[in-house]
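**Student:** Annotations for this protein, taken from TrEMBL, read as follows:
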ACT_SITE  155  active site, proton donor/acceptor
BINDING   17, 391  Mg(2+) binding site
BINDING   24, 215, 216, 217, 218, 219, 289, 290, 291, 337, 338, 339, 340, 341  ATP binding site
BINDING   98  substrate binding site
SITE      187  site 'Transition state stabilizer'
SITE      248  site 'Transition state stabilizer'
Ligand code: ADP
């Protein structure tokens, strides 16, 4: 089952993304793709928390203490009943949970049971900031919505197919195996969704396309997808590897860590904070939002200019590497906050590649894109696209596919077999 598979199962999916002090949620119609309601609980466990619930075009905000995730989710369910849509009539067929790390274990979505919970917990050392809060969200949701199947969708699953040569770090394999040190990849739900939707949009079979997907948000990653199967991606053991991001460094010589520990007396936690939260665009220019970076560049700010240059240089290096990995590239797609909105980044990322059959048409590229659109000129063999990602819809579709496969959905009808992406998830 895949995120691009279309189902006629009637009903909605509540998609939950639980962080350390937040819960993001969306009630999704997996068939039409519509977000019926959405919201965000923030500052859980602090003196005053906030909950924002959006339904039918208006947002309701409440500020009050929210002791823990259980209290947060109870408030969310209360707001559904108070403001709408009433959950009793929303016909929730599944709750879909985003989980960051599925390790080597999970090659696709899974129906939650006690064993799955235990296995996600066991993967916590690989994602200590993400898996434990994801799990808390799953546990409170199971308690509060016990009659609905819960499905976990992993950020790593799409990259389960990475060839061994791409997944392996060249270190002592005894150490690597003992500590699970290999490349897992992240943002997989988005890369899978986008590569599948690209094929639909172009009216092509995903099996026939070689694609590069550039997911450029605050976190950023690139992937090479051959015939719907991921063969390379820029993130590794954690989401720190690869591209320059909003606040993360991306690639650097691993000896930088050793150097800082030995010579700057920095602790492991300080280096973690430096590389994950004080690096990337933020570390280079003091701002992690590209709108600010461009504004500063226009004002002649040298640090912002450098940040843009470093960001683009790294991105182009990955595009070049993936051209070599794939041999032939049919489509390059930009997605996520920067990819969908920033025409300057898109133009610079692929500038001067005409000899390789890659170009961006200035007029087609101009502006923010809310719909899939081709931005390359007609003559290029490689098409360049912008295609908005939708991780919540992808999770909702995978959740429905999972409960259908388990025979849990009574209202399920025929499924549309059209474009199937990777057959593993
Ligand atoms: P996340 O990784 O948090 O999901 P998003 O995919 O929402 O991030 O991307 C957020 C980033 O998108 C912002 O930090 C900003 O750099 C960029 N962005 C959003 N809107 C615009 C815009 N209109 N122009 C340029 N960049 C934008």
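Cβ atoms here come from the backbone N, Cα and C positions, even for glycine.
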**Student:** Out of 17, 216, 248, 289, give those recorded positions positioned within 10 angstroms of the residue listed as 'active site, proton donor/acceptor', comparing C-alpha atoms, in sequence order.
**Tutor:** none
**Student:** Which entry in the list of binding-site residues, 17, 218, has its Cβ near the fewest other Cβ atoms, using 10 Å as the limit?
**Tutor:** 218
**Student:** Would you mind pulling the DSSP three-state label for residue 340 (ATP binding site)?
**Tutor:** helix
**Student:** If I take the alpha carbons of residue 248 (site 'Transition state stabilizer') and residue 218 (ATP binding site), what is the distance between them in whole Å?
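**Tutor:** It is 9 Å, counting Cα to Cα.
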**Student:** Taking the residues 24, 215, 216, 217, 218, 219, 289, 290, 291, 337, 338, 339, 340, 341 listed for ATP, what is the greatest CA to CA distance in Å, to the nearest whole number?
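**Tutor:** Binding-site diameter by Cα atoms for ATP: 24 Å.
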**Student:** Using a Cβ cut-off of under 6 Å to any atom of ligand 1, determine which of the recorded positions 187, 218, 289, 338 qualify.
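**Tutor:** Among 187, 218, 289, 338, near ligand 1: 218, 289, 338.
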**Student:** Can you tell me the three-state DSSP label for residue 391 (Mg(2+) binding site)?
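**Tutor:** In the DSSP reduction, residue 391 (Mg(2+) binding site) maps to helix.
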**Student:** In the three-state scheme derived from DSSP, which category covers residue 289 (ATP binding site)?
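**Tutor:** Its secondary structure by DSSP: coil.
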**Student:** For the binding-site residues listed here, 289, 340, 391, which shows the highest count of neighbouring CB atoms within 10 A?
**Tutor:** 391
**Student:** Just name the most isolated of the recorded positions 24, 98, 187, 291, going by other Cβ atoms within 10 Å of its Cβ.
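**Tutor:** Counting other Cβ atoms within 10 Å of each of the recorded positions 24, 98, 187, 291, the minimum falls on 291.
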**Student:** Taking each of 17, 98, 187, 391 in turn, which of these recorded positions have a Cα lying within 10 angstroms of the Cα of residue 340 (ATP binding site)?
**Tutor:** none
**Student:** If you count Cβ atoms within 10 Å of the Cβ of the residue listed as 'active site, proton donor/acceptor', leaving out that atom itself, what do you get?
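**Tutor:** Other Cβ atoms found within 10 Å: 25.
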**Student:** Could you round the CA separation between residue 338 (ATP binding site) and the residue listed as 'substrate binding site' to a whole angstrom and send it over?
**Tutor:** 22
